[in-house]
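Per TrEMBL, these features apply:
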- Glu98: active site, nucleophile (ACT_SITE)
- Glu102: active site, proton donor (ACT_SITE)
- 17-213: domain 'GH16' (DOMAIN)
- Asn106: N-linked glycosylation site (CARBOHYD)
- 1-20: signal peptide (SIGNAL)
Amino acid sequence: MQVALALVLASSMLVGLAAGGNFYEECDATWEPQNCWAYDDGNRLSLALVSNSSGSMIRSKRQFIYGTVSTMIQLVPGDSAGTVTTYYTSSLGDNHDEIDFEFLGNETGQPYTIHTNVYAAGVGNKEMQFKPWFDPTAGYHNYTISWTPCMVVWYVDGAPIRVFRNYAASHGVAFPTTQPMRAYSSIWAAEDWATQGGRVKADWSKAPFVASYGGIDLDVCECDGGGGGGGGGGCVAACAGAFGDWGRYCRLSDTQVGKMRWVQSNYRIYDYCVDPKRWINGQTPVECGLAQY
């Protein structure tokens, strides 16, 4: 069964998944723009980490409540220890919402760690990590975040790897619902924790470390929340309505569930739900005992 499912996953990779948006049109460079360059008429982009304090970041020009953001990434090849490449969505302010993909580099020959997390009202601590079932440095792979009123789903090459459902009303589990977000990508140094718990540092003789991106697609409900972290008035309710179709936005197909179970059974390496050291007052987080798909 696992072999058959692996073949299904492999056959789906990079088929009809190209993210085709233009970086010139969709994004601004907001940190160390000299380390960011677009080419191929804005259809491709590279971000470079040149020193411990000089990486780069881009963010989408559009703010939104709910939708799907997608890009193709080729991660830093070779010795990428001490580096973090990211693709995520986030609102502003101390009590921000955020949905993360972070790619933690490693020594040459050792696998990357795909790190996922979700924040609501400034509170995260919901990490789940995976090792890739492919070489993320050998070519471009698709990474997608789907955010709807009922769930967040992380996809890799079209395969869902994790679901976080909205249990705010029924069980009091915080979920991002009211703060407009933007999409971000960045590369930065995190030598104190990124690689093998901080044991392996970056080899700066190999800098610059370069991550490459191929297109960015934002299928989102635009919602301008202004300069702060607050909501965007009437568009919050309107966007919730636009993504409220249960059959379309609130469930995975049986095939998708099968793919996710295969990934989690074979490639998940960390889950906060089974790490008592991360629990508050020794209590299993409420959402960990609830269905996620």
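Each Cβ is built from the backbone N, Cα and C atoms, and glycine gets one as well.
Locations of recorded TrEMBL features on the structure.
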| residue | record | Cβ within 10 Å |
| --- | --- | --- |
| Glu98 | active site, nucleophile | 18 |
| Glu102 | active site, proton donor | 20 |
| Asn106 | N-linked glycosylation site | 21 |
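Between the alpha carbons (Cα) of the residue listed as 'active site, nucleophile' and Asn106 (N-linked glycosylation site) lies a span of roughly 25 Å.
Taken together, the residues of the domain 'GH16' (17-213) have an average pLDDT of 93.
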